[in-house]
């Protein structure tokens, strides 16, 4: 029970049945079907408030990529969050969810001409520019629109964030940002482009960071650049230090709090007059979400035991591509014996699994499992692979339930291909 509270304080067993915010997960599965994503509203609110308390003067821009459900983005926007976006679709969504453009920052190495045009036209707070060529293209677009685009340059501090290599973004070999040693040249170049207004510096070193010491190394370099640019007369209004705080996936993981990060950086930032921007995503949304899946079949092949469920890599791809661990527990616990099994989905690939060689309480066909820490990069990375409709999503708060995404059907998948 105590372990569950470390994942989400609103998660508990009552008489052997799993509840979240007073709502039975079994009843949710029976009402809405499976696979089903379930989110805890109070958890999301508390995580956002933890950032606001730790960084009271900062702009907290939620990383929309983590989970783009409009209801969840709207919830955060109403709390005062801005949006960290990386695509035209995320710009559209953030505005649709009520987040004003003056609280939107736009990163990403491959912004298209249309995406840049729409964002300039929307007059967003800041473009986090990733290359000199992007500076040129953005300047040209802003000129055609008769506007000035506010920019920061994303600098790459060459810091190892000690995370999975696929989500380490602050090392020299990664595709992101400009070499921090070359940054002053890029700022001087940008200052000569008449349709750009330099307002900030941006840095983001990676995701799922549990050891926060690399943040200090990165921010030291960024603050040094800030001081140098300020001395040269640049008016740096915003220091965007990105996101990336990790969450508890494995039972033994120790999750850093926003206050831990604030304490680590306090002395570095105390003389910085620029407004700080942070871009949390996973650390707000990750443990707010659970994926419920139903056991379809049990299968033994010699000494190998398989639990085959209806959620696959199309619903939650993190285990397949990152070899990521998600804690999985029965929705109904009956103090049965433990078995060691591969928990696998229905997709026609050997790489379709939620867990391998996992010790878990013995379950039967038709029962439900809860996959924890599924609120970030879960539905957001889902697909229609094997022609499977994507899951429904519900939001729970203090015993109430709201359907926030309908389950897709086959017509939804094929309709864009018909009558062409």
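Yeah, the Cβs are placed from backbone N, Cα and C, and that goes for glycine too.
Mapped onto three states, the DSSP output places residue 348 (active site, proton donor) in coil. The active site, proton donor annotation in Swiss-Prot covers 348 and is backed by sequence analysis.
If you look up Swiss-Prot, you'll see 244, 279, 280, 281, 282, 377 marked as pyridoxal 5'-phosphate binding site. Close to residue 280 (pyridoxal 5'-phosphate binding site) in the fold, though at least 6 residues off in sequence, lie 47, 51, 60, 62, 63, 243, 245, 258, each with a CB less than 8 Å from its CB.
Cβ neighbours within 10 Å of residue 322 (substrate binding site), excluding its own Cβ and spanning all shown chains: 15. What Swiss-Prot lists as substrate binding site is 282, 318, 322, 349, 377, and the listing cites similarity to another entry.
DSSP gives residue 65 (N6-(pyridoxal phosphate)lysine) a helix state. Same-chain residues at least 6 positions away in sequence with a Cβ under 8 Å from that of residue 65 (N6-(pyridoxal phosphate)lysine) are, in sequence order, 84, 85, 86, 90, 281, 377, 380. Here Swiss-Prot flags 65 as N6-(pyridoxal phosphate)lysine, drawing on similarity to another entry.
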* To do: Taking Cα atoms as reference points, rank the binding-site residues 244, 282, 318 by distance from residue 348 (active site, proton donor) and give the first.
  => 318
* May I ask which residues of the same chain, at least 6 positions away in sequence, place their Cβ under 8 angstroms from the Cβ of residue 279 (pyridoxal 5'-phosphate binding site)? => 61, 62, 63, 84, 105, 204, 240, 242, 243
* **Cα distance (Å, whole number) from residue 244 (pyridoxal 5'-phosphate binding site) to residue 322 (substrate binding site)** => 16
* Asked: Within the chain of residue 349 (substrate binding site), which residues six or more apart in sequence place their C-beta under 8 angstroms from its C-beta?
  -> 313, 320
* **244, 279, 280, 281, 282, 377 excluded, remaining Cβ within 8 Å of their centroid (pyridoxal 5'-phosphate)** => 63, 65, 66, 207, 243, 245, 283, 284, 285, 376
